[in-house]
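Here is what TrEMBL records for this protein:
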| type | residues | note |
| --- | --- | --- |
| DOMAIN | 55-212 | domain 'Amidase' |
| REPEAT | 474-507 | repeat 'TPR' |
| REPEAT | 542-575 | repeat 'TPR' |
| TRANSMEM | 6-23 | transmembrane segment |
Amino acid sequence: MASHAANLWVLLGLGLAGIFLMTKRLKKTIKADFGAFIQKLELLPPPQPAPPKAPHPLTGLNFAVSDVFDIEGYVTGFGHPDWLRTHEPSTHTSPVVLALVEGGATCIGKTVVDDLAYSIHGENKHYSTPTNPAAPARIPGGSSSGAAVAVAADFVDFSLGIDTLGGIRVPAAFCGVIGFRPSYGVISNTGIIPVSSSLDTVGLFAKDPSTLRRVGLVLLQLPFSVQRNPKQILLADDCFELLKIPKDRISQVVTNSTEKHFGRQVLKHENLEKYFSSKVPSLKEFYSQKINGDSKISSLTLLANVAQILQRYEFKCTHGEWIHSEKPVLDSAISAQINETLDMTDKEIEICKLVRTEMRLAVNNLLKDDGILVIPTTAYPPPKLGSKEIFSDDYQNRSFSLLSIASISGCCQVTLPLGYHDKCPVSVSFIARHGGDRFLLDTVQTVYSSLQEHADTVAKSKLSPNAVKQEHSAEAVKEKGNQAYKDKQWQKAIGFYTEAIKLSDNNATYYSNRAAAYLELGSFLQAETDCTKAISLDKKNVKAYLRRGTAREMLGYYKEAIEDFSYALVLEPTNKRAALSADRLRKVFQ
């Protein structure tokens with residue numbers, strides 16, 4: 001079987017013309033394996049069980065692991081030659097790796113991480129920085145850079161890495177692959193070199209959602225359950241404001257895909273800065289302890305500070321003695337953070353840990369069992385190799401404001417590629433509550449193809465700035481209509497919804513909302529007409545079916561009303577209003 005691995009690498013080499021390519025523009029040698037691998041090896045799965053037993057679930061897949069996972073007989077290098085030199089070969093293989101091999105997958109190598117797996121950049125001067133296949137002139141992202149590159153370059157079907165403050169999510173975004181950070185604690189960290197014990201999570205990269213789900217279910221060891229659709233998809237508006245590319249390039253893709261699969265009524269908007277300010281009270285205590293002066297700092301920035309402090313504190317507690325003893329040569333940015341004096345009291349560390357507890361509760365309460373939070377994965381496109389941009393305060397603040405949400409709350413997050421913008425990969429992230437990993441993987445499986453289609457459409461479209469402005473204006477007017485409706489000012493609400501329709505006449509929600517106001521005024525014909533228009537624009541708009549059913553019932557069209565209520569129940573089986581209305585009409589008129 002050893003020849004199998006050798007033949008694989010020969011084929012990979014032949015598949016890359018020239019094996020070593022020198023590009024004048026990049027001024028660097030692109031290796032045959034794109035610099036992804038630090039160690040070639042082969043761990044073979046056990047023989048297949050005899051029929052009629054099912055084959056191993058991961059049969060036919062190969063994978064690689066970041067050089068933080070122990071494999072028996074090999075030194076775990078942790079991204080640094082001094083660590084390699086001062087440590088002995090592992091006597092056991094990480095249980096996570098063993099579970100995948102026993103599940104039928106073949107491990108073919110270890111991949112590069114950045115210095116001590118600490119940063120999110122992916123650069124490593126000791127072993128050279130892996131080449132980003134999606135954008136060769138730009139950094140691959142870290143810490144699990146080689147693992148992401150191995151998947152992006154099609155050397156493996158999936159790979160394992162570690163995510164502390166973005167070690168999976170950032171390279172997934174920068175290399176244009178799927179990255180999954182599971183809920184904190186659901187996968188064992190045994191046999192893995194820790195970076196920050198309260199933040200570290202085993203994660204994985206994959207090229208497609210089927211492989212992601214297939215591997216994810218083996219890692220998570222989840223029992224079978226019926227697939228559920230999300231009832232709310234929350235776009236974090238303030239997080240999209242952090243983007244350095246046009247926010248519509250991402251938000252419009254998610255909106256279009258959501259409307260197609262679940263109906264526009266599940267789309268909601270959230271301001272996380274305000275939400276966390278009210279639901280995570282320990283942030284205020286952290287602010288008062290650490291920040292001098294009266295300047296206002298957003299809760300997202302404070303979260304970023306808490307996450308970085310926890311990482312630095314726990315890293316130094318674990319590895320400080322080795323660093324002091326060996327004095328390894330480190331990347332300047334990493335060295336500055338690790339060696340910076342941490343002026344933290346025990347009370348302040350406890351506050352940081354309390355923030356973590358409150359954050360998990362806050363996100364869980366926001367999303368419940370059926371919600372998905374949508375945020376950009378990273379604020380910046382992948383910076384150029386050697387760029388000073390990654391050291392800027394703006395880059396750090398924007399990046400960690402987004403990355404700290406899942407890291408601190410411990411909730412699960414998937415990074416999904418959405419094509420390119422200005423020749424750089426673009427991505428979006430979906431977050432589910434802690435423990436909602438299967439729900440998240442199922443949702444990704446459902447929407448992935450649609451996201452890619454809409455990403456392609458949006459990337460090619462030439463929507464004028466005026467058209468974008470009109471859409472934003474329509475949304476603002478609709479919100480005024482919603483407020484008037486809440487205040488029971490029905491005619492005023494109708495006026496606002498009508499204005500929104502004039503600005504954007506292809507939005508089902510505007511017609512459905514105007515129908516609701518017409519119903520309150522007893523204008524049932526107008527309500528029926530508006531609902532019919534809404535349904536023509538969005539055939540999964542449950543509210544439109546319910547409102548049209550109500551209008552038709554009041555107009556005496558009982559058969560048609562029953563059909564509307566029944567179809568609403570098909571779209572949303574747990575909708576009590578639809579069930580009660582359909583049942584009541586059937587009893588009376590059938």
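In case you wondered, yes, glycine gets a Cβ from its N, Cα and C as well.
The predicted model assigns the repeat 'TPR' (474-507) a mean pLDDT of 93. Helix first, then strand, then coil: DSSP counts for the repeat 'TPR' (542-575) stand at 28 helix, 0 strand, 6 coil. Residue counts for the repeat 'TPR' (474-507) by DSSP state, with H, G and I taken as helix and E and B as strand, are 27 helix, 0 strand, 7 coil.
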